[in-house]
Each structure stands twice: as structure tokens, then as C-alpha cells.
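Colleague: Sharing a structure with you now.
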Amino acid sequence: MLLSLVLPITVANAALAAYTFDPLQHLAGIAPYFEPSDPPLDPAPPQGCNVTRAAYLVRHAAIWANDFDYEEFIDPFVSKLQNTTVDWKKAGPLAFLSTWNTPIEDDDIEELTQVGRQEAFTLGVSVGQRYPSFKAPGKVWTSTAERTEKSAQSFIEGLVTHSNETELVSVSEGEEEGADSLTPYEGCPAYSSSAGSEQSGQYQKLYTKPIIERFHALAPSFNFTPNDIFGMQELCGYETVIRGSSPFCSLDVFSPNDWLGFEYTNDIQYHYNTGYGNDVAGAIGFPWLNATAGVLTANDTDSSDAQDIYISFTHRELPPVVLVALGLFNNSAFSGGDDINATMPLDAQNYRRAWKSSHIIPFLTNIAIEKLSCDSYGFGVGEHYRVLVNQSPQPLPGCTDGPGESCSRDGFQKFVQSRGEILGSFGEKCGVDYSNSTDILSIYGVS
């Protein structure tokens with residue numbers, strides 16, 4: 001009888017010991033770069049296939065702090081902390097606040113960190129190793145912000161042996177460029193950078209309430225607010241990419257459930273801002289998809305302008321709208337439902353959601369489209385295409401007729417055309433009100 005009791009207890013203890021949780025993989029847009037294997041498909045080319053051309057869209061690397069995050073959440077908390085008389089040494093897991101100092105100053109805002117430079121270089125090395133037969137690109141494109149340009153330069157230094165042989169082309173971030181930029185949302189009057197704030201704020205209040213009560217029990221005289229909690233959790237990410245680690249990441253400070261609440265709040269924000277909850281998102285992302293499909297499917301291998309790999313650097317807003325244009329990370333993809341917002345409730349988490357911003361827009365997030373030449377068992381000889389997000393293959397909705405759930409050339413071209421018809425044109429959906437706007441991204445030389 002005693003043995004029968006010991007065994008279940010031993011198994012239960014083993015299960016508890018096996019549970020692990022890394023907050024750095026649940027930080028949404030301030031997560032350090034990682035590759036989540038979502039879904040867990042093999043990123044290597046399918047059997048019998050070789051990659052003959054590729055295009056990458058890459059978000060800039062880690063920065064000291066985003067200006068909005070700093071002004072709205074981090075700086076108010078730090079200022080309050082600097083003016084309090086709380087004896088933090090008696091505040092249990094918050095005792096570190098007695099000696100903690102912020103690593104972020106006003107002059108650092110939006111600047112690339114050393115960790116960011118290193119990670120961009122490392123990603124360049126990784127991409128170069130992935131395509132060892134590719135020629136060094138003649139051009140790499142980037143939006144004109146300093147953080148994107150420096151990210152691109154570090155990436156190039158890791159990608160190629162002689163970085164001075166690759167030209168870094170800066171693309172204007174002006175709003176009147178319309179779709180012809182790497183920041184097309186700037187030229188979309190129907191897009192608002194504050195979209196999603198109201199909805200995410202509703203869930204933020206819900207998940208932070210028990211945290212505030214817990215912290216109040218540790219430090220009764222400190223008036224913790226939902227924004228303070230949010231700022232503290234943001235510091236976990238920003239301090240980590242500055243100093244290498246952060247006490248705010250400790251699971252003694254914030255539990256796994258606390259971090260999931262933070263992540264879901266961000267997921268709601270991005271759902272309504274650059275995701276399926278914003279009617280213009282797909283139309284903003286489609287010009288990059290269309291232009292990229294053009295350069296990948298073009299039969300111009302003898303052209304002096306043709307490249308084996310096309311790489312572009314941008315900000316956090318463009319990758320998610322491109323994913324919407326591709327129909328990926330769609331919560332309702334297999335449900336048959338037509339109310340996409342119902343998949344992101346504001347009073348409870350949808351733990352089974354596909355839309356997870358930590359997987360979609362960490363620092364250096366990258367979307368790749370590969371052109372494959374295949375002679376594969378069961379499929380024969382042919383040209384196919386596939387999408388990878390942070391190295392994880394993503395089957396295209398309705399187009400998985402090739403090896404490794406890739407998409408045939410004919411299917412891919414029809415898929416892109418169909419997505420354009422479904423999403424609508426940039427100018428029409430955005431309500432463009434200036435005469436020189438365009439629906440086309442032409443920077444690669446193919447419309």
C-alpha cells in the first residue's frame with residue numbers, strides 16, 4: 001500500500017520538475033530573437049529540392065527602447081520608483097528594487113543595442129550558411145530609420161565575405177510614397193498606430209489586477225498601476241538586450257501566468273492594429289508579397305539586376321500585415337467561422353490561438369519566401385514555393401500541392417492573384433488622398 005502511494009507522488013514531482021517557462025519567449029514585440037518552431041516542421045528543403053532563389057523581410061534588431069513604450073510605461077514607473085520612500089529590502093521578491101537602476105536614458109531611445117548588432121550579424125551568418133551556393137546580393141534594402149539601417153549593415157557583415165560589395169539601399173519612409181516603400185502603413189490614411197489600444201487596455205486591467213494586489217501586500221505605500229506592471233514586464237525584455245539579463249524576468253517576480261497575460265494583452269493590440277482585426281492590414285502587406293512573388297517567379301537569371309537573394313529591413317508593423325496578406329497565423333483558418341474578433345476575447349485568453357505576437361514580431365523577426373527546384377518522390381520534377389517565418393515552414397492556405405507542403409509555381413501565382421483580389425488594392429482600402437500614391441512596390445525593379 002505504501003509503495004502504491006509513493007509511485008504517484010514520485011511521478012507528480014517529476015512532472016512538476018519537468019515544467020519550464022522562459023519569459024523571454026512571451027514578450028511580443030520586445031522578445032529577443034528566437035525561432036519558436038511554430039509549427040514544428042523541418043526547415044531544411046524538402047527531399048529532392050534545392051532553393052534557387054529567396055526573399056527575406058526582416059524587422060530591425062533589438063533596441064534600447066521603443067519611444068512609446070518608454071514614454072507610456074517605463075519612464076513613469078522609473079520616475080515613481082526614484083521618488084518613493086518604500087523600503088524595498090523588506091519587499092520579498094521585489095527587494096532588488098532597492099539597488100536597481102534603469103539602463104535606459106532619453107538619448108538611448110530607438111537606438112540599436114550591442115546585443116542587437118550582434119544578433120543581426122549572427123542572423124546574417126545563419127542565412128549565408130543556409131544558402132551556401134548563393135551569390136552575394138548586389139543590394140540590400142532598408143527603410144531609412146537609423147535602427148533599420150544599422151541592423152541591415154550588421155546583417156550584411158555576417159552574410160557576405162566582402163560587405164563593401166553589397167550596396168545598402170535606403171528607401172524613404174515618407175507617407176506620400178504610398179505602397180512603394182518598406183513602411184507602407186505610413187502612407188495609409190485608414191491605418192492608425194493607436195488601433196487596438198482600447199481593446200488591449202481592457203484585458204490589461206484584468207490580468208494586472210491580482211498582480212497589483214500581490215505587490216501591494218509587499219509594498220503597501222507604492223501605488224502600483226496597470227501601466228506600472230506593464231512597464232516592469234517590458235523592462236524584462238529591454239534590460240535583457242542591454243545588460244544581458246534582468247531581475248524583472250524572475251519567475252519569483254512574475255509567474256508564468258503573469259507573463260501569459262502580458263503576451264495576450266500584446267496579442268490583442270496587434271490583432272486590431274496590424275492583424276486580422278484591422279480591415280486594411282492585408283492590403284498594406286500585399287504590395288510586398290506581390291513584388292516578392294514577381295522577383296522570385298521572374299525568368300531573369302541572366303539579367304545583371306537579378307539576385308539570388310532579396311533582403312529588406314523594416315519596422316515591426318510590416319511583417320504582421322504581410323502575414324495577413326499571406327493568410328497565415330489566422331485563428332479562424334480551419335473553423336469555418338466568420339467572426340475573427342471572437343477568436344480574441346477581451347475577458348479571457350484563447351490559449352489555442354494561432355496569432356501570437358511573440359512568434360510573429362520578436363526583434364529580427366523574418367519572413368522568407370523560397371523558390372525551390374524539385375525532383376521529389378511522389379511529386380516529380382517542378383518548381384515550387386514555400387514560406388518560412390523565423391525559419392519555421394508555414395504551409396500556404398489552399399496551396400500545399402508540392403513536396404513538404406510547398407506550393408507549385410502555378411498554384412503560387414494563382415494564390416498571390418487570389419489574395420490580391422480578396423484583400424483589395426492599397427489605395428482603395430487605405431483611402432489614399434494624395435495624387436502621387438501607388439499600389440505597387442517597385443524598389444526591386446519588378447512590378
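The backbone N, Cα and C atoms fix where each Cβ goes, glycine too.
The following feature annotations were taken from TrEMBL:
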type     : residues  : note
SIGNAL   : 1-17      : signal peptide
DISULFID : C49-C374  : disulfide bond
DISULFID : C236-C249 : disulfide bond
DISULFID : C399-C407 : disulfide bond
Colleague: Around the C-beta of C249 (disulfide bond), how many further C-beta atoms are within 10 angstroms, looking at every protein chain?
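Modeller: For C249 (disulfide bond), the 10 Å Cβ neighbour count is 19.
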Colleague: Output, ordered by sequence, the same-chain residues six or more apart from C407 (disulfide bond) with a CB under 8 Å from its CB, or 'none'.
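Modeller: Listed in sequence order: H384, Y385, R386, L396, C399, T400, D401, F415.
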Colleague: Cα of C236 (disulfide bond) to Cα of C49 (disulfide bond): how many Å, rounded?
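Modeller: For C236 (disulfide bond) versus C49 (disulfide bond), the Cα atoms are 41 Å apart.
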Colleague: Would you kindly give the Cα-Cα distance separating C249 (disulfide bond) and C374 (disulfide bond), rounded to the nearest Å?
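Modeller: Rounded to a whole number, the Cα-Cα distance is 45 Å.
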Colleague: If you measure C249 (disulfide bond) to C49 (disulfide bond) at Cα, how many Å is it?
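Modeller: Roughly 42 Å, rounded to the nearest whole number.
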Colleague: For C236, C374, listed as disulfide-bonded residues, tell me which one has the smallest number of other Cβ atoms within 10 Å.
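Modeller: Relative to the other disulfide-bonded residues in C236, C374, C374 has the fewest Cβ atoms within 10 Å.
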Colleague: Provide the number of Cβ atoms within 10 Å of the Cβ of C399 (disulfide bond), excluding the reference atom itself.
Modeller: 23
Colleague: List every residue in the same chain as C49 (disulfide bond), at least 6 positions away in sequence, whose Cβ is under 8 Å from its Cβ.
Modeller: L372, S373, C374, S376, H384, P403, G404, S406
